[in-house]
């Protein structure tokens, strides 16, 4: 079968791979679609360590074509996800308290185990979440990582109906965060970016305000919008240091700043302001299986509609080049069916 494999020179090669036999608790999935995530770029570039030889992909959607004898959670024909959280231990302090993404023994698709940029993929049957049949599978691929990541981040922000949430970076993740915040949580949303095309798209999606922080002072604009109160919370999906710092600067006392994007950098924090204004800065890592079920359902109800562009597996290096240049709007999704 064809698979997108990380090479030593930080590129991706389309290679023929043979899968092993299923082990107890596993299922075999024929991949339909796989989204391309910024984390895939980090993995390819060895930002988290050298994983040469691994098959990329953690935004996979496909149909189960075989299950191991002892599997009863899935059956042949089910449409399921192949997500970043491939499997966890199920027994640690994190797994038993609803924080399974923090499990120290977690396995990650497309990083520590082979992922979904392949014609077929082996999954842990207990961690492959079923996809609603009325949800377009190409759109579902974006929900599998980008969607659940931003949905969870918006939940972590604690935003309530009518409050102001700032979304920093409104590309593939940010435009989904905007939709979950506005259409599910009932928040008012300010979109921040330095790309006018992305900001205009955010406006089309319902952003209450858009701010290009290279043209105006974001603090002044937020003060104007909120009568000098500041935002109730911010979510950062951008992958640069500046928006992380700005996301702290524009919030009110008692606000929460949620970090999602993964720039290889450090934040500058004004410690007296954090203490005196009671500002919380927290990280949010993807989402649990239950978060993913909820994220899928809201998408199935058309409350969140990912903007996807279908590409071919052979274009994977071109997609990464575009990603590094910052020219992508929405989500790039590889049509794996065309490679079968």
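A Cβ is built for glycine as well, from the same backbone N, Cα and C atoms used for every other residue.
The Zn(2+) 1 binding site feature in Swiss-Prot is assigned to 37, 58, 145. Taken from Swiss-Prot, the feature Zn(2+) 2 binding site covers 89, 92, 95, 103.
Taking the features listed in Swiss-Prot, we show where each one sits on the structure.
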{"residue": "37", "record": "Zn(2+) 1 binding site", "Cβ neighbours (10 Å)": "26"}
{"residue": "58", "record": "Zn(2+) 1 binding site", "Cβ neighbours (10 Å)": "27"}
{"residue": "89", "record": "Zn(2+) 2 binding site", "Cβ neighbours (10 Å)": "14"}
{"residue": "92", "record": "Zn(2+) 2 binding site", "Cβ neighbours (10 Å)": "16"}
{"residue": "95", "record": "Zn(2+) 2 binding site", "Cβ neighbours (10 Å)": "19"}
{"residue": "103", "record": "Zn(2+) 2 binding site", "Cβ neighbours (10 Å)": "19"}
{"residue": "145", "record": "Zn(2+) 1 binding site", "Cβ neighbours (10 Å)": "33"}
Other same-chain residues whose Cβ falls within 8 Å of the Cβ centroid of 89, 92, 95, 103, the recorded Zn(2+) 2 site, in sequence order: 88, 90, 91, 93, 94, 96, 100, 104, 105, 106
Output field, Zn(2+) 1 shell: CB within 8 Å of site CB centroid, site 37, 58, 145 dropped: 35, 39, 40, 57, 59, 83, 84, 109, 110, 144, 146, 149
Residue pair residue 58 (Zn(2+) 1 binding site), residue 92 (Zn(2+) 2 binding site) - Cα distance, angstrom, rounded: 23
Pairwise CA distance, residue 145 (Zn(2+) 1 binding site) versus residue 103 (Zn(2+) 2 binding site), rounded so that it is a whole Å: 17
Minimum Cα separation from residue 37 (Zn(2+) 1 binding site), reported as the residue among binding-site residues 89, 92, 95, 103 that achieves it: 103
DSSP-derived class (H/G/I helix, E/B strand, else coil) of residue 95 (Zn(2+) 2 binding site): helix
